[in-house]
Ligand code: SAH
Ligand code: SF4
Ligand code: F3S
């Protein structure tokens with residue numbers, strides 16, 4: 001498609017370098033998508049800038065999950081419009097992601113400064129859209145869900161520069177929890193073929209990546225086509241990825257309890273490359289609320305699953321998501337959530353006040369919970385989760401663990417690495433070890449990180 005592009009160019013200097021600024025909201029999949037948008041635009045001469053003032057092209061990659069996330073987009077667009085006016089229109093503004101999918105037309109109406117709106121399954125068309133908007137403003141695309149076209153069209157190269165990377169293997173959701181917009185913004189569950197995932201993993205490894213996090217809205221529902229033409233499971237995909245030279249660590253997120261198979265549990269027992277950290281949201285500890293949420297599993301099934309996972313991998317750290325103040329949630333329901341949290345003992349977790357989303361069944365349910373009540377519950381839950389996270393981090397002190405050194409720290413020769421449990425580990429005199437996985441003795445655990453000292457020097 002490149003030949004159809006009419007890029008502004010100067011015959012002596014070649015294409016004028018153009019600056020791209022992408023602001024990413026929401027989940028890791030949006031982070032991945034933002035990187036891929038940069039990959040798509042690089043051949044057109046766009047290079048990344050950290051500052052919006054330098055940008056020729058700004059993309060807001062948006063999130064629709066809660067009202068606050070969606071509203072932020074409009075305030076950001078207001079600021080961009082001023083910048084565009086100050087430059088007499090010399091700024092291209094695109095809205096991508098889940099708000100683009102959910103309310104594309106409204107965006108165009110509310111903010112005429114927006115040049116184009118592109119949904120999560122259509123950003124591979126950005127180059128073509130850009131040339132079209134140069135002629136006619138106000139293009140909107142991406143109402144259909146066919147991730148297969150997108151992945152086929154994305155460039156094989158990835159502009160990663162770190163030692164860890166995201167890799168989307170599955171998109172969409174068929175679960176329809178009653179509070180959630182994702183099935184509407186990301187469409188039906190769809191998995192990339194194993195060969196495509198392996199090819200991307202090899203590309204990442206060639207660029208120095210040692211740890212991949214496989215992404216999917218329901219990543220453990222992965223059923224991409226395998227080499228034999230039959231669907232492969234996430235467990236089998238993990239075993240195949242572990243064979244890719246250079247890929248030493250594998251993570252995946254986000255899992256749904258109902259798609260957690262025995263095979264995947266066994267993979268955690270048998271495959272050392274699978275890291276002992278699992279994000280497994282439950283949302284509530286009350287069976288009554290879980291039913292209203294259409295989670296399709298009960299409290300005990302979740303607890304039993306965690307027990308089986310821990311039996312297979314005793315050092316498994318569990319993380320989760322919680323919603324408080326879901327319609328009709330009583331104090332007794334909330335107590336059940338606190339009780340479940342005490343039983344599981346989370347290494348980390350995210351918790352949110354319920355936010356009614358237009359078009360979802362829960363938004364019109366009776367007995368919406370008052371905001372003050374929900375806020376008080378959120379504080380109580382977060383206090384407990386914060387305490388558990390600190391206790392987990394403190395419990396690592398004294399252990400010697402393999403740390404993947406990721407980046408330079410703030411002071412001196414400090415480096416920051418990742419523990420197997422996804423904690424940041426600060427180590428002095430290690431900034432020459434970026435990209436290495438080395439043994440570190442953990443000296444202290446803090447609320448959000450660990451501090452350790454190097455046990456093993458780099459092998460000569
Ligand atoms: N696929 C994942 C979660 C995707 S959304 C899963 O099944 O768990 C990420 C988190 O946002 C959810 O786990 C939930 O805790 C939160 N969330 C989703 N919709 C929400 C809403 N309407 N209000 C508040 N939190 C919400
Ligand atoms: Fe949303 Fe539920 Fe699907 Fe997760 S499983 S993305 S919470 S509908
Ligand atoms: Fe948000 Fe879309 Fe992710 S709604 S959480 S960016 S899938």
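Glycine too: its Cβ is placed from the backbone N, Cα and C atoms.
Features as listed in TrEMBL:
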type	residues	note
BINDING	27, 63, 98	[4Fe-4S] cluster 1 binding site
BINDING	173, 177, 180	[4Fe-4S] cluster 2 binding site
DOMAIN	18-135	domain 'MTTase N-terminal'
DOMAIN	159-391	domain 'Radical SAM core'
DOMAIN	394-456	domain 'TRAM'
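A gap of 12 Å separates the Cα atoms of residue 180 ([4Fe-4S] cluster 2 binding site) and residue 63 ([4Fe-4S] cluster 1 binding site). Secondary structure from DSSP puts residue 98 ([4Fe-4S] cluster 1 binding site) in a helix. On its own chain, residue 63 ([4Fe-4S] cluster 1 binding site) has 25, 26, 27, 30, 69, 70, 97, 98, 99 as residues at least 6 apart in sequence with a Cβ closer than 8 Å to its own Cβ. Excluding 173, 177, 180, which define the [4Fe-4S] cluster 2 site, the same chain contributes 175, 176, 179, 181, 182, 183, 217 within 8 Å (Cβ to the Cβ centroid), listed in sequence order. Residue counts for the domain 'MTTase N-terminal' (18-135) by DSSP state, with H, G and I taken as helix and E and B as strand, are 67 helix, 24 strand, 27 coil.
Residues of the domain 'TRAM' (394-456) grouped by DSSP class, helix first, strand second and coil last, total 2 helix, 32 strand, 29 coil. Highlighted in sequence order, 25, 26, 29, 30, 62, 64, 65, 69, 97, 182, 185 have their Cβ within 8 Å of the centre of the Cβ atoms of 27, 63, 98, the residues recorded for [4Fe-4S] cluster 1, and are not part of that set. Contact annotation for binding-site residues (27, 63, 173, 177, 180) versus ligand 3: 27, 63, each with CB under 6 Å from a ligand atom. Taken in sequence order, the binding-site residues 27, 177, 180 that lie near ligand 2, meaning a CB under 6 Å from one of its atoms, are 177, 180.
The local packing around residue 27 ([4Fe-4S] cluster 1 binding site), expressed as other Cβ atoms within 10 Å of its Cβ over all shown chains, amounts to 18.
Confidence in the domain 'TRAM' (394-456), given as mean pLDDT, stands at 96.
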